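Student: My structure is below; once you've seen it, I'll send some questions.
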Amino acid sequence: MEGVGAVRFWLVVCGCLAFPPRAESVCPERCDCQHPQHLLCTNRGLRAVPKTSSLPSPQDVLTYSLGGNFITNITAFDFHRLGQLRRLDLQYNQIRSLHPKTFEKLSRLEELYLGNNLLQALAPGTLAPLRKLRILYANGNEIGRLSRGSFEGLESLVKLRLDGNVLGALPDAVFAPLGNLLYLHLEANRIRFLGKNAFTQLGKLRFLNLSANELQPSLRHAATFVPLRSLSTLILSANSLQHLGPRVFQHLPRLGLLSLSGNQLTHLAPEAFWGLEALRELRLEGNRLNQLPLTLLEPLHSLEALDLSGNELSALHPATFGHQGRLRELSLRDNALSALSGDIFAASPALYRLDLDGNGWTCDCRLRGLKRWMGNWHSQGRLLTVFVQCRHPPALRGKYLDYLDDQLLQNGSCVDPSPSPTAGSRQWPISTAPGEGMTPPAGLAQELPLQPQPQPQQRGRLLPGVAWAGAAKELVGNRSALRLNRRGPGLQHQSPSAAAASGSAPQSLDLHEKPERGRPTRANLPQTEPTPTSEPASGTPSARDSWQRAAKQRLASEQQGRAVQYDSGVGLPPLVSDPCDFNKFILCNLTVEAVSANSASVRWAVREHRSPRPQGGARFRLLFDRFGQQPKFQRFVYLPERSDSATLHELRGDTPYLVCVEGVLGGRVCPVAPRDHCAGLVTLPEAGGRGGVDYQLLTLVLLAINALLVLLALAAWGSRWLRRKLRARRKGGAPVHVRHMYSTRRPLRSMGTGVSADFSGFQSHRPRTTVCALSEADLIEFPCDRFMDSSGGGTGGSLRREDHLLQRFAD
């Protein structure tokens, strides 16, 4: 045995010598070398670059991370053995200097990160060996000067970060070696002056960030940006710019984003943005602009986003955005605007995001055009919610323009500056012959002012081909709406022969309709405002005076009766012009009347009300869709005026539907969903056709099948458990008579009786058989067959036991 053990020992020794263990790589202290190509030493508290001499193959390392340590100096031999290195990270250290030969062996390096250190300069020639370098981060240092030799040899550089330094100027041709540079970050420095040749040889540059510097107040020299023909993003925000000269960006034909935010601009030359035909986004927020030249934005045909927030704009010309057909986003928030023309955004059909919040809006008749435009754009789903919160007058302070009625915007002292064409308001020249003395009556001097001498209150507009016949009967309260019959061209106060005889040149007369919506009171009813009739004037002052007196008397008597009626509020239904108020107070009782397999009829009620004349009567929009469908209400239909019922066709049988109705006033709908006017219905099953799937029956069948499967599984598990229980009892349990024999619950007497009865034939002089071998300590000899399994059962087993007993106890 000892010889065999010795042989085994020598065999093991020989095997170990023949197959030595594989040598493991030795990683530098405090570093991680789990991946053979990545050497990770980030945030390890290192104060010097670890030695890589212990690495078995340093040439395999491609990434070396040393960021977040306390390294202060880089020697010439720290990376001497890492010739295949592609990425070197030295950020967030305390490096103050770089040895001129630090990167001499790193000719394959592509990414170098030196950001957030204490470097004060990039010595000429230090980076020259890095011919394949594409990304260089030198941000967050203390670099105060640059020279052309700082970037010598970096022909492949694509991205350069120099932000967060203390650069005061850019020397001429400092970036000339970087012919392939695409991204240049110079923000957060102290640059005050841009040299004429600062960006020479940067013809491929796409991104230039000069924000947060100290540029001179005036940017006037266009030659600075001449080399940047491919520039698409220019950021000049957070400087001290105050003026922009004309055509300063004319050499940037591909510029798509220009940011001038956060400066102190107070003046922009009308041609400041000339040549920027490709500009898509212009940011001018946070300046001190109080006006915009009319032709400032004219060259920007491709403009899509314009931010003018945070300035001091108090007014905008209606044609300011007349050339921005692609404008999609416009911000005018936090300015000093009090009114805007309704036509100012008419040339921008793509506008969908408009921010007008934070201005001092004066909600009067000057905002009616803007309100109509907003309503039309909202109803067409082409504009997001615009918040125009009133600041003046005090009675409307804090309210939003789109929820105000036109009656609240009426001001007796304001003139509608430029009616919006979207509302159908056009100015029509009306010819008259002043030679015949046919001027408007004295009582209507305020209602019908001549165009050369506009009066403060212009209160009516006449359509072409309108005669004055019957106008006095249609003048209603202070609304001053002249319902005139269209009979001929112009105001026919005289016969054609008289007009021909006069021979005087006609004058143009502009009338502006200023309807006041709401219930008039006695205070605002005009008391002395005559109405012209169809009777021809005689042309003499006496005839004209008598005509005026008669008209005044008739009008005064009619208005006195109307004033009593208006004050008592009898017989005048409410005037509703807002679709939300119409849905809330006028529309009611939406019910489903008849339902079939493919159609359904709904009916609703409309309370008595009045609608503004320019808007016409109320129309209705019926929305319906299957219940639970997402998105909701993909189908809807517009109904004509005075409709109170509708029938939906082409519905699906045995399907639940949700039907809603809402009012449409002046082409506008309420932006709030009509939840109060909705009803549900379930169409009937299709008769005579192949019925669809009965989902209720299908559900019950599936539930029954699932319950049956559960019961079968429980039954199988129960039977298996019971079978295991019985099998365990058979294997581990003793015969029943043995358990009863040794039971402690049986009395001692009965147990002794049983023993004496069973072994009554015992004879001590007989020899023990080999069948039951007992030890010398046994006091009683038990028959072994009593411990045998009695499960053999049957008559044969009992007979064999009895025969054995007879043979043993024969004597």
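The backbone N, Cα and C atoms fix where each Cβ goes, glycine too.
From Swiss-Prot, for reference:
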CARBOHYD  Asn73  N-linked glycosylation site
REPEAT    84-105  repeat 'LRR 2'
REPEAT    132-153  repeat 'LRR 4'
REPEAT    204-223  repeat 'LRR 7'
REPEAT    254-275  repeat 'LRR 9'
REPEAT    302-323  repeat 'LRR 11'
CARBOHYD  Asn411  N-linked glycosylation site
REGION    414-460  region 'Disordered'
COMPBIAS  421-430  compositional bias 'Polar residues'
REGION    486-562  region 'Disordered'
COMPBIAS  524-545  compositional bias 'Polar residues'
CARBOHYD  Asn589  N-linked glycosylation site
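Give me the lay of the land around each of these features.
Tutor: Sequence-distant neighbours of Asn73 (N-linked glycosylation site) (same chain, 6+ residues apart, CB-CB distance under 8 A): Ala48, Ile95, Arg96, Ser97. A strand conformation is recorded for Asn73 (N-linked glycosylation site) in the three-state DSSP classification.
Long-range contacts of the repeat 'LRR 2' (84-105) within the same chain, counting only residues at least 6 positions beyond its ends with a Cβ under 8 Å from a Cβ of the stretch, are 42, 59-76, 78, 111-120, 122-123, 125-127, 129-130, 137.
For the repeat 'LRR 4' (132-153), the DSSP counts in helix, strand and coil order read 4 helix, 3 strand, 15 coil.
Outside the repeat 'LRR 7' (204-223) by six or more residues, the chain places 163, 179-194, 196, 230-245, 247-251, 259, 262, 264 with a CB less than 8 A from a CB of the stretch.
DSSP states for the repeat 'LRR 9' (254-275), grouped as helix (H, G, I), strand (E, B) and coil, give 0 helix, 5 strand, 17 coil.
Long-range contacts of the repeat 'LRR 11' (302-323) within the same chain, counting only residues at least 6 positions beyond its ends with a Cβ under 8 Å from a Cβ of the stretch, are 261, 277-292, 294, 296, 329-341, 343-345, 347-348, 350, 355, 358, 418.
Within 10 Å of the C-beta atom of Asn589 (N-linked glycosylation site) sit 11 other C-beta atoms, taking all shown protein chains into account.
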Student: Summarise the repeat 'LRR 11' (302-323) as counts of helix, strand and coil residues per DSSP.
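Tutor: Taking each residue of the repeat 'LRR 11' (302-323) in turn, the totals are 0 helix, 3 strand, 19 coil.
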Student: I want to verify one value. Collapsing DSSP to three states, which class is Asn589 (N-linked glycosylation site)?
Tutor: strand
Student: Work out, from DSSP, the number of helix, strand and coil residues along the repeat 'LRR 2' (84-105).
Tutor: 0 helix, 5 strand, 17 coil
Student: What mean pLDDT score does the repeat 'LRR 7' (204-223) have in the model?
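Tutor: Average per-residue pLDDT within the repeat 'LRR 7' (204-223): 90.
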